[in-house]
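This report refers to the structure that appears directly beneath it.
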Amino acid sequence: MGALFGTDGVRGLANEELSPELAFKLGRAGAFVLQEETGARALVIGRDTRLSGDMLEAALVAGICSVGVDVIRVGVLPTPAIAYLSRAPEAGGGVVISASHNPYEDNGIKFFGANGYKLPDRLEDRIEHLVLTAGGALPTPSGIGVGRVREMPDAMERYVRFACGTGPSDLAGLKIVVDCANGAAYQVAPQVLGRLGASVVPLFDTPDGTNINAGCGSTHPHVLQQAVPAEGADLGLAFDGDADRLIAVDEHGRLVDGDHLLVICGRHMRRHGRLAGNTMVVTVMSNLGLHLALREAGIRVLQTKVGDRYVLEEMLRSGCCLGGEQSGHIIFTEYNTTGDGIITALQLLKVMRETGRPLSQLAAQMERLPQLLENVRVRDRNAVMSSPALWEAIARYEHGLNGEGRILVRPSGTEPLVRVMAEARNETLLTKVVEELVRVVTEIDRQQAG
């Protein structure tokens, strides 16, 4: 990570940390680098429903056109839809304006190459260098050399048709409650499921620019958990603001997180000979229960640090076709080049259709060990993480778990947070360990602030 780019592009408070001026510079530098690397003549631009999206899109479009690259605007669409459309013959890459699961005040910018993948560190570093040091040296064509802006009127329909082709052909008889998070999936997700024949009950599908992720979506599924049994539905699906992640709810209103989804899909694919190398990729945050359930099924697990980009890198390196995170970022490389909440939902529904089993039974394949996660807001997450006192405390409390649990303390890649996570069979001990480590982190942060 550099001064601008984090684990998922550039993010910050819109109009302050992520200003129109910075968006303009990112547009210029990003378009120049993609043009130089792949000969890109046009970039697809999409966004989520945040109020600041229009402002940042205008600045970004101006920057891209100012170096002679065309823009294809597609409006509000999920991040994975932009990844898919970036591979279209008329495109040479794409840009998404979104801050995913963050509150509406934040926004972000991330780039995709012509292959539909997020840019590697090497290219992000190059863009960052140009933004910070050499932006004025970039080309400034005039006359017919300036980039043009055009629309892609059938952008949503292209993605809907693509998504429908990846899942079960008929969902008739299934009732599904869909929490759209007032975000980028608010039109697409109900449309895909409805076209396949499901009875869809939409929730949080009226974005107003300020209500994205507000008490809804994959990070706040409590309303969905109540709605599924109340509606007599077969399951619920919750997306985040840009719909690159999915959390499900079974027919009884119980959460089915990313770890469960990986186990359900991975074991089914293994059983049908569709799991490449009988191997999956997960992160260090995955529950111990996932490892036990996959080991029982004869599935090998590769681990990475947190972040879907690292999961994808390992999948491509090792030839795996399924990987993901507990948070619901699930990647099926057979279908898309990034985490895709709608594709994940369709693969889950495919398992339900092919097995004839309700989601509660499928989720029971994994027993989740008690896990507790606390986010501690700090002034300097990297300074806290480098404190010897923190690592001494971690070692001390890890020893106290007697080999029946684990501790993971890590900085957030996108926010000023230190995440304290622990797992243990003894829930009382688990709570005590996390509370003590939160206290240690808070005290270290206070001391460092002077």
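Placement of Cβ uses the backbone N, Cα and C atoms for every residue, glycine included.
Bear in mind that the values here come from a model prediction, so they are computed numbers and not experimental data.
Within Ser100, Ser360, Ser386, the residue that Swiss-Prot lists together with Asp240, Asp242, Asp244 for binding Mg(2+) is Ser100. Neighbour density for Asp240 (Mg(2+) binding site): within 10 A of its CB lie 33 other CB atoms from the protein chains shown. One way to see the shell of the Mg(2+) site is to take the Cβ centroid of Ser100, Asp240, Asp242, Asp244; the remaining same-chain residues with a Cβ within 8 Å of it are Asp48, Pro78, Thr79, Ser98, His101, Gly183, Ala184, Phe239, Gly241, Ala243, Arg245, Gly339, Gly341.
Spatially close to Asp244 (Mg(2+) binding site) yet at least six residues away along the chain are Pro78, Thr79, Pro80, Ser100, Asp308, His329, Thr338, Gly339, Asp340, Gly341, judged by Cβ distances under 8 angstroms. Listed in sequence order, Asp48, Pro78, Thr79, Val96, Ser98, Ser100, Gly183, Ala184 are the same-chain residues at least 6 apart in sequence whose CB falls under 8 Å from the CB of Asp242 (Mg(2+) binding site).
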